[in-house]
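Residues annotated as signal peptide in TrEMBL: 1-22. Look at TrEMBL and you will find 16-214 tagged as domain 'GH16'. Annotation source TrEMBL lists active site, nucleophile at Glu100. Annotation source TrEMBL lists active site, proton donor at Glu104. Annotated N-linked glycosylation site per TrEMBL: Asn108, in sequence order.
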Amino acid sequence: MASLLAQCLAFLALCSLYHSLAYSNFNQDFDVTWGDGRAKVLNNGKLLTLSLDKASGSGIQSKREYLFGRFDMQLKLVPGNSAGTVTTYYLSSQGATHDEIDFEFLGNLSGDPYIIQTNVYTQGKGDKEQQFYLWFDPTADFHTYSILWNPQTIIFYVDGTPIRVFKNMNSSGIPYPTNQPMRVYASLWNADDWATRGGLIKTDWSNAPFIASFRNFKANACVWKFGKSSCNSSTNSTNPWFFQELDSTSQARLQWVQKNYMVYNYCTDIKRFPQGLPLECNFNSTTS
């Protein structure tokens, strides 16, 4: 009996450390961090809405920290005239030398397309923006936005289609996030000083409150707890995402997106970097 009890306790401890593919409950897995009631968890924890008005936006963060994983979230963005607003879903550590992996959804005037801005911060430095249009209306229904982060690569996905890859090029002197655990964040806030057409279009507060919706968050990931990762050599062998990179089919889909839907790439912005493009831009453009 004692042996059985010990096995059960060990199993429960493992479950507390390892966050599996089951959909998260926003009540159980996230904390509302700001917004004074503008972030609402509904449907018994299955749905989150974030609201923005002239007084404030709102945001959440995960209770857990992670060091590598596959993170999926379904979002339905602010409909109508969303100019000036930014909806975010991202991973981040803390401090001046933090790491960060960003999805930012830049609102626009009614009828004009949303822009997805992706960015990667390493050791506190970002400036790696790539921007994309979407091939669907992201306000009409929920769509899945995913971040794969493993020791080899970071891949951004939209409905399973890769839109960006940032590879580990530490061996070439390019920092890569490998040792800072990150939480998952989501927020909705006003950024009309830059978000839409460089700040030319301001937020129309007569349309407030602006509301973005989130559901079906999944983290197949290594949980960081008490200074240790829940993953090890034996668990990694059962996690395909830990070693995942793009196959030839996915590489072709990535190139299709970048050819047809990319609207900004920092690696081609010579005016922004007059002293020379960042080092990673010397590599294949589909890897950064």
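The chain as shown is numbered from 1 upward.
Any Cβ shown, glycine's included, is placed from N, Cα and C.
Automatic, uncurated: that is what TrEMBL annotation is.
Sequence-distant contacts of Glu104 (active site, proton donor), defined by Cβ-Cβ distance under 8 angstroms and a gap of at least six in the same chain, are Val86, Thr87, Thr88, Tyr90, Ile116, Gln117, Thr118, Asn119. A separation of roughly 25 Å, to the nearest angstrom, links the Cα atoms of the residue listed as 'N-linked glycosylation site' and Glu100 (active site, nucleophile). Sequence-distant contacts (6 or more apart, same chain, Cβ under 8 Å) of Glu100 (active site, nucleophile) comprise Tyr90, Leu91, Ser92, Ser93, Asn119, Val120, Tyr121, Gly126, Met182. Taking the domain 'GH16' (16-214) as a whole, pLDDT averages 95 in the prediction.
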